[in-house]
Amino acid sequence: MLLRTKALIRSGGSIAKYAAANPSCFILQRRGLRREFGPKYTAKINEAEENWQARAEAIKKGKKQNTWDLFEERGYVKDTAGTKEHIAELMRTRRIGAYVGIDPTAPSLHVGHLLPLMPLFWMYLEGYKAFTLIGGSTAKIGDPTGRLKSRDHLSSSDATMNMTKIHYQLKKLWENVDTQMRARGYEADWARKRGIVNNNHWWNKQPMLEVLRRVGHALRIGPMLSRDTVKNKMTQGDGVSFAEFTYPIMQGWDWFELFYQQGVQMQIGGSDQYGNIISGLEVVKAARESEPDPQERKYVTPKTALDECVGFTVPLLTDSSGAKFGKSAGNAIWLDPYQTSVFDFYGYFVRRSDQEVENLLKLFTFMPISEITKTMEEHIKDPSKRVAQHTLAREVVTLVHGKQEASAAEDQHRMMYTGQMTIPQVSRAKDAATGGDQYKTISDQPVTLNNAPRIDMILPESLIMGKSIGRILYAAGLASSTTEGHKLAAAQGCYVGGAHRAGGENVTMNPDLISFMPVKLWFPGETQRYLINGNLLILRKGKHNVRVIQMVSDVEYAASGQTYPGQSFTGAVRKLNEIMKNLKEKKLTPEEAKNAVNELQKSSQEKQQGQQIIFPEEKSRQKKDMETKLKQEMIASVKTIDGMMDEKPSVRGDGVKKQTQDDRDPYKW
């Protein structure tokens, strides 16, 4: 969400003087919104500034490392917008803000996104302000950089799906960075800030005419046409559209909005983003000079070189074979555990060569250089143990998926390659999860970003449009039954995503502004009002248990082979009757029918495992009797094939099978 920051300072004292000298460090809110800080807050700001100046003095005397020097030491810097000396001095003296922008053109981040994010995470650890920008609006245009063919147009529902999933991936990364910060012993710093911002927040309100009026005159087509990426697309590709020409302007305006609202003076980009960063600097400069409000112009207009914006790009990484880093057999290594399993993700880093592993430890971990040196010394003693590779894999998986998943994945790999027979499963067994198992939570643990179930799913139109919200919550795995789903909705214990537009009955949710409001009991026909783009429903239970549900036709859902909890005609009794029918019609042999029954029983027993039954402690004898009976029922075999053939189901006069006591018993077929 867009973080609201503090307004201009009109009060007296040292803060006002510092604000006048350093306008970018005290952030403007929307025009005309100014307020004074109270004495306690003023004292906190003064203390934070004094601490930062003490830090700057320690860096000057060589007692502490400059963060820019850390970047160069670890290999994060490729091209710079601004001299290295200027950037180093800026980072020494100012608690600047920095950002990395990501367009949600795919449903997940991949390993390649981690490289520009790592210096941003380091800045956060060192006490700066760090922001990740989701390009909800710029993704609709598509960055032409490095492409010969224009990106395929994203539908509104796909864009919303991608935007939501990437938002939660970034939240997960930031929480894991916080965990690493505490584990590495970084001191608490009140002025340290981080945030996730979506450029939909201003592009949905900002007229393009106003943007062009303020910055259009400062940009020239010639320099844009002279870039290699544009030349290649025009001569070897499908040409550059007018929309793609506007992309650098939109990206530059994003930077200005972040500067205006959060004091962001630095942009960090991938190896191919240098041209966009240079264009962004021109847009920010033009926007600052064309500020229409005279009162605010004196604050946004740069007074010294340290008020100017800067940027840099990270290098392009390739592995020992020359392939682009983050690819395996031509496929991206995704951060989504359901697209690249935790086991495979860990394995990708374990397979790195000895020649590249030290560099990767510097780039993708928060390990101090001294610790990396010791790891490499231990690795050299016996390279076959792959000590450095396992350290790299463990650190990266901890950052992306959490410590518990990293430990489990490490155990899996070590036991697999040491010949042990028993291989432990990762905590949520994401690697083996299929169908409805991907949406289950751990019964005895709270849902966190690291153990949350899969977000995206499909459900049939007949359910979404024709059933109650309680049934939908049950089908989505957010409730254990339809009854619980109704109770959740009645108590407003779950939420629907989107910004509802006031108006007619059929006016649907706004796909560009994803916020959440409590779910209420509504008629099945009203669900349509909460769909985004007519086919996307976003639900949330708790803080992190989210479902982005794509509504598909019943035919398409049936073709997918999936089922959902509470789906009609999928019960065990009905499946058994179907086996009996196929047997009598000789579509199955007795042996095939027996195997089908055994599979059905096995599936039922697997579903029942892990569902803990709690017995009253005061009735110890009753508890023992019930536990014994339950165990007997769960391991009892079904009737023999001959018995099934001889038995005739009870049938009413209308030909419909009556429900017998065995049908009602959940532990019998």
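Cβ atoms are placed via backbone N, Cα and C, with glycine included.
From the candidate list Q236, Q273, the residue Swiss-Prot records in the L-tyrosine site shared with Y99, D143, Y247, Q251, D254 is Q273. Among the ranges 34-38, 324-328, 374-378, the stretch that Swiss-Prot annotates as motif ''KMSKS' region' is 324-328. Within the set 44-53, 64-73, 104-113, 444-453, the record from Swiss-Prot flags 104-113 under the feature motif ''HIGH' region'. Ranking the binding-site residues D143, D254 by C-beta neighbours within 10 Å puts D254 at the top. In terms of DSSP secondary structure, the region 'Involved in splicing' (33-75) contains 30 helix, 0 strand, 13 coil.
Counted within 10 Å of its Cβ, the other Cβ atoms near Q251 (L-tyrosine binding site) come to 25, all protein chains included.
Each of the binding-site residues Y99, Y247 was assessed for Cβ neighbours inside 10 Å, and the highest tally belongs to Y99. Taking every pair among Y99, D143, Y247, Q251, D254, Q273, the residues recorded as binding L-tyrosine, the greatest CA to CA distance is 17 Å.
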